[in-house]
Amino acid sequence: MSTPSSRSQAPETVTTGPIQGSEKIYQELPNGLRVPQRRVNLTNGEYLDLYDTSGPYTDTNAVIDLHKGLPPRAGIVTDRGTQLQRARAGEITAEMEFIAVREGVPAELVRTEVAAGRAVIPANHKHPESEPMIIGKAFGVKINANIGNSAVTSSIAEEVEKMVWAIRWGADNIMDLSTGKDIHQTREWILRNSPVPVGTVPIYQALEKTNGDPAALTWELYRDTVIEQAEQGVDYMTVHAGVLLRYVPLTAKRVTGIVSRGGSIMAAWCLAHHRESFLYTHFEELCEILARYDVTFSLGDGLRPGSIADANDEAQFAELRTLGELTKIAKSHGVQVMIEGPGHVPMHKIVENVKLEEELCEEAPFYTLGPLATDIAPAYDHITSAIGAAIIAQAGTAMLCYVTPKEHLGLPDRKDVKDGVIAYKIAAHSADLAKGHPRAQLRDNALSKARFEFRWEDQFNLSLDPDTAREFHDETLPAEPAKTAHFCSMCGPKFCSMRITADIREFAAENGLETQEDIDAMLARGMEEKSAEFAEHGNRVYLPIA
C-alpha cells in the first residue's frame, strides 16, 4: 500500500479497544456473514445491544494491521449488476440480508426500498472491507463524517486516525475530501482500513491534476479520475452535474454567492468555455462507469445556499429540478442515486426542501449538510447545524453530513471530529425517535431507568459519549462512593427530585398505596384523624400559647 512519497506519513497505530462499558459481539448469519453489534452490559444484570459502526477497532480479539488493511467480507458478487438492478429483479442480496439484521427489519423491506430508489446501499465491488449499510428514510437516520487533508495541513496518518475515530463514535459513512498532496495514497490507506462506505468528490483530484486551473479540466481527465477512484473502491461520488451555465447568473445577487467548492469549479468552467459542463453533457457515460462498479451517485448541490439570506432561492431550486432529471437517467442505467441538500436554511423553510426533493427526485434519499439554522455562531456550527439537521431528518432526510466546530474556520482535528459526530448522532437519534424507529427508544428507556435508579455506571455507558459523561460527573464527585450515591452535585442529597420520588414510592409501598382509591382512602383517614383532634381541643380555631 505504501509508496515512496507516502511511507514517511504512513499510519502505524490508531485508536483501538472497546468503548467504555461495552463489548463487541456478532450475530452469525447462515451465509457466513457476521453482523456487528455493541453490547452494553448493565450493573443490574441486563444488557442492551446497539447498532455499531466501529468495525474491528473495538474488538479485543481483532488483529489490526494497517499496512495489510481489513479482511474482505464473504459473499461479494460482482457479475450480477448493481444492488438496484438486483433488487428490481426480486433478488435479496447478501448485503440486504446483512442490513436487515443490522436494522431489525424484514429483508423484503430492504429490497423493496432499494428497488423503488428510496434507499441506496453504497457498496463498491472493490471495497470488500466495508460492512453493508443502507441509506433511506425507512431506516435509521445515518450520519456522514468528512475528513481529508488540505494543501496547508494534515498527513495520511492523521486522516486514517480521524476515520477510525469518527466511526468509533458513530459515523456511518466517511467522505475523503482531500485536496492537498498524496490524494491517491491518502484515499488508498483510508479505503483499505475502512469498515464503512467511503465517498469522494472526484473533481477535487481532477483539479489537482490541472494545478488548480478549472478552465483546464476536460471530460477525459475527469473520466480517468473517476475510474481511478472506482478501481480503488470508492462507494459513492459527489458529482455536481446540475450546475448549468444558465443557472450561474442566478447567484449574482446572493449574499454569499456559490459556496460549494465543486459548484464553484464547475461554474468557473462553464463561464470559461461558455457551454454546459462535461459532467452534464457526458452524464450517461458517467452512469455506465459507475454501474460497472456499483458506485452510488451523490448528486451534488453545487448551488446550495451558503447563508440564511440565500435559502430556498431560485438558483438552489433550479439546480434541484435538474438533479431530478439526472436521477431518472441514472436509475435507467441501474445506478443508485442520492441527492445532496443544503446548507444554510432558517427553521421555517427547512421542511419545504424535503418535500420538493421528494417530488422532483422520485423520493431518492436526501443527504443534507446540516442545515445551519443561523449564521451567527462560528465555533459552534456543530450546534447551529444539528438543530436544522434534527428538523430535516424528522421530515424525511435519510443521511446527515456532519458539521464540526471548525466549520468556516479551519480544518477539523481529532477533537472536532468527535464533537461533530456526537452532535449529529443526537440529531439523527432524535429524528429516529420522532419517526418511531423500532429500536430507537430502547436506549432512551434504558438510560432513563438507570438514571432513576442511580445506576451511575450504566448512565455513563449508555450515553453517546461515556468518556465525557464520566468526566463531567467526576469533576465534582470523583470519589468511588459517588458512583452509587442517590444524588449528584447539581441538587445535592436533599433536593434531588428523583431521590424524593423514590422515597415517595417507598412510602406508598410500605402503606399499601397501589391505586388512586388507596390514596383517596388514606387521605380520608387523615382528614378524619385531624377532625377528631380538632374536636378534642374544643373546636377552637385559636389555642392559647403554652
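Each Cβ is built from the backbone N, Cα and C atoms, and glycine gets one as well.
Per Swiss-Prot, substrate is bound by Met175, Tyr204, His240, Ser260, Arg261, Gly262, Asp301, Gly302, Leu303, Arg304, Glu340, Tyr367; the candidate from Asn124, Asn146, Asn445, Asn461 named for the same site is Asn146. Classification of Gly262 (substrate binding site) by DSSP places it within a helix. You'll find the Cα of His408 (Zn(2+) binding site) roughly 12 Å from the Cα of Ser260 (substrate binding site). Around Gly262 (substrate binding site), a 10 Å sphere centred on its CB holds 24 further CB atoms from the protein chains shown.
Remark: of the binding-site residues Arg304, His344, His408, the most isolated position is His408 (fewest other Cβ atoms within 10 Å of its Cβ). One residue stands out among the binding-site residues Tyr204, Tyr367 for having the most other Cβ atoms within 10 Å of its Cβ: Tyr367.
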